[in-house]
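Structure first, commentary second.
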Amino acid sequence: MSTRESFNPETYELDKSFRLTRFTELKGTGCKVPQDVLQKLLESLQENHFQEDEQFLGAVMPRLGIGMDTCVIPLRHGGLSLVQTTDYIYPIVDDPYMMGRIACANVLSDLYAMGVTECDNMLMLLGVSNKMTDRERDKVIPLIIQGFKDAAEEAGTSVTGGQTVLNPWIVLGGVATTVCQPNEFIMPDNAVPGDVLVLTKPLGTQVAVAVHQWLDIPEKWNKIKLVVTQEDVELAYQEAMMNMARLNRTAAGLMHTFNAHAATDITGFGILGHAQNLAKQQRNEVSFVIHNLPVLAKMAAVSKACGNMFGLMHGTCPETSGGLLICLPREQAARFCAEIKSPKYGEGHQAWIIGIVEKGNRTARIIDKPRIIEVAPQVATQNVNPTPGATS
């Protein structure tokens, strides 16, 4: 796992007390409207959805719309589909460049959950806090934009426009669009009994970034210092930051290689919320049962010490730019997990078999006492700092 030197505001002629996360009251994808409320709010959009297009396309082409993270819209010509997603988050780490990378990875992740590996175009949506000084704005916002741009280039796409507005809180997001043939994406509705559930990033990012901020808040740090050291927190924070900035593109490609039946990415509703949403979309009468929870090292202990206030053990803790939850044939899952670790994909990363697909009523649950898999930090050094003079 690559590491990055801690962001030093003074390097950019900012006050040493500058913290990007102070320009929002919510963190990351913890900004999401609760799932049950969202479904009610979207009911009016779902009425007569796609009715106009039926006269052109009938039901021959697969389509997705309201209620899922990505839309799949058949185009009127050429047997192609538009696959598109939009997302935005609030700052979750204090490093502006890495926050830009995380925001971009978070937008692209919904395409990757469809097995799409190529993005044709990105737009960036940026809310600049009106509480920033001119100096803070002029130093920090270019770093965020550079991080977003670099992540887009890593994904093989480019940012061609967007929208920038003033806002009380910093808002970071975008739109990702591609045009695909039917064999270039995987519909998220084909899970069958006997499949297994695979997760491609560990849980606990929200816990890691929260407790990292607690290092500066003695009354909160005192609650957890018996179960975790400052070094543990720093390592978990680094691991969380690099994981959030990592694209799910490799996993998306391997979904095709190993015949994935369905997938979603894990973000603001936590692993259980997203598993439940995916289960509801299945054509077959199945349910998902989660037995294992891979968690960043020491973050499970921190969560327990806090009385499970994060909801980590219950699967409701929000994640930001989390991994893919993939339904794979049982005989393919171990090979998927081995392949994604291969050095041919850069550093190689872990994936875990965390549960099963069984006959059921399109629900998802975590067993009463899931096995917690402590995911140790993978520490290596690699300079991912942009050149200060290039973006300030």
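Glycine is treated like the rest: Cβ placed from N, Cα and C.
Features of the protein shown, as given by Swiss-Prot:
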MOD_RES   S2  N-acetylserine
ACT_SITE  C31  active site
SITE      K32  site 'Important for catalytic activity'
BINDING   K32, G67, M68, D69, D87, D110, G161, G162, Q163, T164  ATP binding site
BINDING   D69, D110, D265  Mg(2+) binding site
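Mapped onto this structure are the features recorded in Swiss-Prot.
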residue	record	Cβ within 10 Å
D69	Mg(2+) binding site	19
D87	ATP binding site	24
D110	Mg(2+) binding site	23
G161	ATP binding site	9
Q163	ATP binding site	12
D265	Mg(2+) binding site	30
Tell me which of the binding-site residues D87, G161, Q163 ends up closest to D69 (Mg(2+) binding site) in space, Cα to Cα.
D87
Using Cα coordinates, what distance in whole Å links D87 (ATP binding site) and D110 (Mg(2+) binding site)?
9
Reported as an integer number of Å, what is the Cα distance between G161 (ATP binding site) and D110 (Mg(2+) binding site)?
20
Quick check for the class: what is the C-alpha distance, in angstrom and rounded, between D110 (Mg(2+) binding site) and Q163 (ATP binding site)?
20
Would you list the other residues of this chain near Mg(2+) - those whose C-beta lies within 8 angstroms of the C-beta centroid of D69, D110, D265 - in sequence order?
T70, T85, D87, S109, L111, Y112, A113, M114, T264, T267
